[in-house]
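The active site, proton donor/acceptor annotation in TrEMBL covers TYR142. Residues or ranges marked as active site, schiff-base intermediate with substrate by TrEMBL: LYS172. The feature pyruvate binding site is assigned by TrEMBL to THR51, VAL215.
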Amino acid sequence: MTPGKKLAGLVAATVTPMTPDGQINLSVIRQYVDYLVSEQNVKNVFVNGTTGEGLSLSTQERKQLAEEWVCQGKDKLDHVIIHVGALSLPESQELARHAAAIGASGIAVIAPSFFKPTNKDELIAFLQKVASEAPAVPFYYYHIPPLTGVKIRVEELLDGIKERIPSFQGVKFSDTDLLDLAQCINKNEGEQFAFLYGVDEQLLSALAIGANGAVGSTYNYLGRKTNLMLQALAKPDLALARKYQFLTGEFLNFVIKLGFGVAQTKAVMTFVSGIPMGPPRLPLVAASEEFIVKAKAKLDSIVWPGGD
């Protein structure tokens with residue numbers, strides 16, 4: 001990992017490989033790391049998040065995965081961010097201490113989603129209690145109201161957050177409210193926070209208003225193409241950047257209509273990378289053969305700029 005380097009660019013929200021009988025499969029993580037770096041040009045990962053079925057895993061499984069990613073990512077990955085959010089505060093604190101002990105580059109926390117914080121102060125209090133267990137580790141808030149039901153605006157949350165959480169470094173913003181994101185960026189220009197967008201099909205819009213990176217599941221298998229979109233935007237060649245975004249959107253629009261979630265992401269990652277990601281954990285059920293056939297045909301049919 002690269003100490004002190006600001007988190008930016010693409011971050012793959014990693015899936016959790018599992019054996020056919022539903023146990024975590026640590027044996028393929030090294031291959032997974034090498035695949036992301038060499039085939040997708042992605043050197044940052046976000047482990048045990050939504051795509052990684054983090055809240056469906058036991059504390060011990062989450063620790064084992066975090067250790068393996070940090071171990072296998074050494075000297076290969078720039079950032080290994082460990083999601084340590086949980087419904088239980090002591091569990092989240094334990095995971096934060098563990099992430100610090102193993103040398104994770106950062107930790108992230110989702111809002112509790114059963115007994116929910118109802119206002120900024122309640123949410124900050126929870127986040128602060130977790131962050132204080134790993135005070136030297138960069139801390140990120142993981143904002144995903146469609147799943148948590150916690151709709152506290154990030155713009156409001158960030159007001160004075162450094163005083164409460166000195167290790168705070170940024171947000172994984174997984175919501176379509178670009179007005180909220182824009183206000184966050186506009187009001188915090190001097191803070192050097194990382195604003196990482198989490199809705200892959202709208203990434204270009206978020207970049208246009210100042211997001212400096214992205215965390216998402218598609219960067220596991222479309223990372224190289226999305227990096228080309230970032231390069232096009234930087235030139236700037238907006239027409240080319242839009243082409244990449246439209247084609248990513250075309251694939252996602254197709255699979256969303258078939259039913260697209262974590263289970264289907266594991267299936268896509270398996271057939272694209274050749275690494276067996278296995279089934280999801282119940283209550284999620286494995287992608288159907290029909291989905292796999294259709295999704296693969298669709299992805300193969302897309303003609304990207306440059307002909308590949």
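Cβ coordinates come from backbone N, Cα and C, glycine included.
Remember, it's a predicted structure, so these values are computed and weren't measured experimentally.
Annotation for TYR142 (active site, proton donor/acceptor): same-chain Cβ neighbours under 8 Å, separated by at least 6 residues, are GLY49, HIS83, GLY85, ALA108, VAL109, ILE110, ALA111, VAL171, LYS172, SER174. Listed in sequence order, ALA13, THR14, VAL15, SER217, ASN220, VAL262, THR265 are the same-chain residues six or more apart from THR51 (pyruvate binding site) with CB atoms under 8 A from its CB. Counting Cβ atoms from all protein chains shown, the residue listed as 'active site, schiff-base intermediate with substrate' has 29 others lying within 10 Å of its own Cβ.
Residues near VAL215 (pyruvate binding site) in space but far in sequence (CB under 8 A, at least 6 apart, same chain), listed by position: VAL11, ALA12, ALA13, PHE46, GLY49, ILE81, LYS172, SER174, LEU196, TYR197, GLY198.
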